[in-house]
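A.B. asks: Quick one: this structure, given as structure tokens, is what I'll be asking you about.
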Ligand SMILES: Cc1ncc(C[n+]2csc(CCOP(=O)(O)OP(=O)(O)O)c2C)c(N)n1
Ligand SMILES: CC(=O)[C@@H](O)[C@H](O)COP(=O)(O)O
Ligand SMILES: [Mg+2]
């Protein structure tokens, strides 16, 4: 039995001797490499926090003390140390979540995945503890250098500093990287420290001082004296100290004795204290350490020996965007691109390499990205901001008031729109259409395939008097779906066969949003088999919904909308409003994501559960039509001038 297999919770960890700990760390690394290689997941970040997480659970007493991992992608070691050893279905339906999950363990208090919130959570929990007479409990926020670029983290630190009597530990897990190296003034500050030749010496001094010092008080004084002495070297303390926060460190985040000593000091300190730990992402795994670009921040299934991806390479939406935006960059010198710490994942690597002065990584700062883009557009540029759809949630106010109110030509490209699946409830990009539908003047396009992505991106950057948004999902882009016709700006993808009776009203107008087109076409075939004639259209520019839909709708008996956005406030509801405003009282079915937080599972599994597949759409449509026919007093809409076939 390995030491790791003997750990069912933090008490077992605390029962181990100091000599056991390096062996446990090695067990954990072996486990992470072999298990995450099978499923995929956040391998690099977790390899980097093995010792840090061991030390945290040795010094703090979870769940009595609360440990909040910012973003939560680095919580695998925490899962192992709190008794969760079955990683065989990590991020898969029914398996362990890739993030903290309250359903899994009492040691997971916060469910996250969006960055820069841990300091706020910790401030709130600590204050609640104090006001409820539980101030003996400790609250720890573990936040990465990347997450520390997010404004919300600093809003919290500013506020925490205003409460010097509030015990609260903030561990800065500084590995110098977000996905790629962390960018910005703070990052430069930290990087200067790490690359300073005197830093190693300072770390060594810290190690010796910690080991020599007999008690916490002495140690604390020793650390203070040291910090004063090497102020020019250990500069980050100034940053935190000037805010009014006690600073401990830097400490080598892979040195277990030094980490535990420092955390014990922090535990005993009666106010807010920052512990600055220097770690290495991907630590102990050659292929991750050698991955210059992202140090295996997140991987799919890999060969554990070589680290090579086991997934066949396929054309995905991101690559199509990457190619097209770079081509457009060559034609338009006013085109600039912006990423919030995710240049690789959103497909801006190629653009950044081709046009380094026209690419901006702003850190995990979606709000700033949008308002900065507004400023750039004001100055005559056309910014393209590429984000995961879920992270746009952060910047609604900026889109509304900084972009739209000023009618500024900025294009926001939303990757991972719709169901993303395996990253759980908070990663689905299922609210963008609901939010964006409320923004005056803003237009949203949803490409259905690679060809329309290219065309719509081109159209979006031609709009010079309003913001535009493009949204597409995660994963493989299917074959191109050519339109049969374009009618009043609407692409017609399918028409009923002549035997269905072309000169009569068609049964169903199926309005497909973006990547739902393939499923809608499959549904049309199935409906045809049930004797239901269908027209499938793709409006391409889906919000505001084109008014021309009305003219087409009246030639049908039923309207069905299909989108991978929340049903609440999506395109379906907008179509419904459009038809009502036009005085059309026709039966309308909105197929979309229910208003819920979908549990982690694959995208395809979730789409199938939600009925957003060809068979699901056909089933819902036939069921609804027959129900409507038996329950409706008026039968088919009387407003339909073409009605009368049945
Ligand atoms: C609001 C938000 N924007 C973007 C992301 C995507 N993201 C996930 S992890 C990560 C980098 C985090 O870096 P850091 O906090 O230093 O953690 P590390 O992976 O280095 O341990 C980013 C940008 C996110 N989770 N939340
Ligand atoms: C934690 C986070 O926000 C990202 O790392 C995300 O999990 C990556 O998702 P993809 O795998 O879809 O790029
Ligand atoms: Mg980092």
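Here the Cβ of each residue, glycine as well, is placed from N, Cα and C on the backbone.
Pasting the relevant annotations from TrEMBL:
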BINDING   73, 113, 114, 115, 146, 147, 175, 285, 366  thiamine diphosphate binding site
BINDING   145, 175  Mg(2+) binding site
DOMAIN    315-479  domain 'Transketolase-like pyrimidine-binding'
A.B. asks: So which of 73, 114, 145, 366, listed as binding-site residues, have a Cβ under 6 Å from an atom of ligand 3?
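C.D. replies: So the answer is 145.
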A.B. asks: Looking only at 73, 113, 114, 115, 146, 147, 175, 285, 366, which the record lists for thiamine diphosphate, tell me the maximum pairwise CA distance in angstrom.
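C.D. replies: The thiamine diphosphate-binding residues span at most 32 Å between Cα atoms.
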A.B. asks: How big is the Cα-to-Cα gap, in Å, between residue 73 (thiamine diphosphate binding site) and residue 145 (Mg(2+) binding site)?
C.D. replies: 14
A.B. asks: How big is the gap, in Å, between the Cα of residue 175 (thiamine diphosphate binding site) and that of residue 145 (Mg(2+) binding site), rounded to a whole number?
C.D. replies: 7
A.B. asks: For ligand 2, list the binding-site residues among 73, 114, 175, 366 whose CB atom is within a distance below 6 Å of it, in sequence order.
C.D. replies: 73
A.B. asks: Find, among the binding-site residues listed as 114, 146, the one whose Cβ has the highest number of other Cβ atoms within 10 Å in the structure shown.
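C.D. replies: Sorting the candidates by Cβ neighbours within 10 Å, the top entry is 146.
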A.B. asks: CB neighbours of residue 366 (thiamine diphosphate binding site) within 10 A?
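C.D. replies: Its Cβ shell of radius 10 Å holds 27 other Cβ atoms.
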A.B. asks: Under a criterion of Cβ-Cβ distance under 8 Å and sequence separation of at least 6, what residues of the same chain contact residue 145 (Mg(2+) binding site)?
C.D. replies: 172, 173, 174, 175, 176, 177, 178, 182, 186, 187, 190
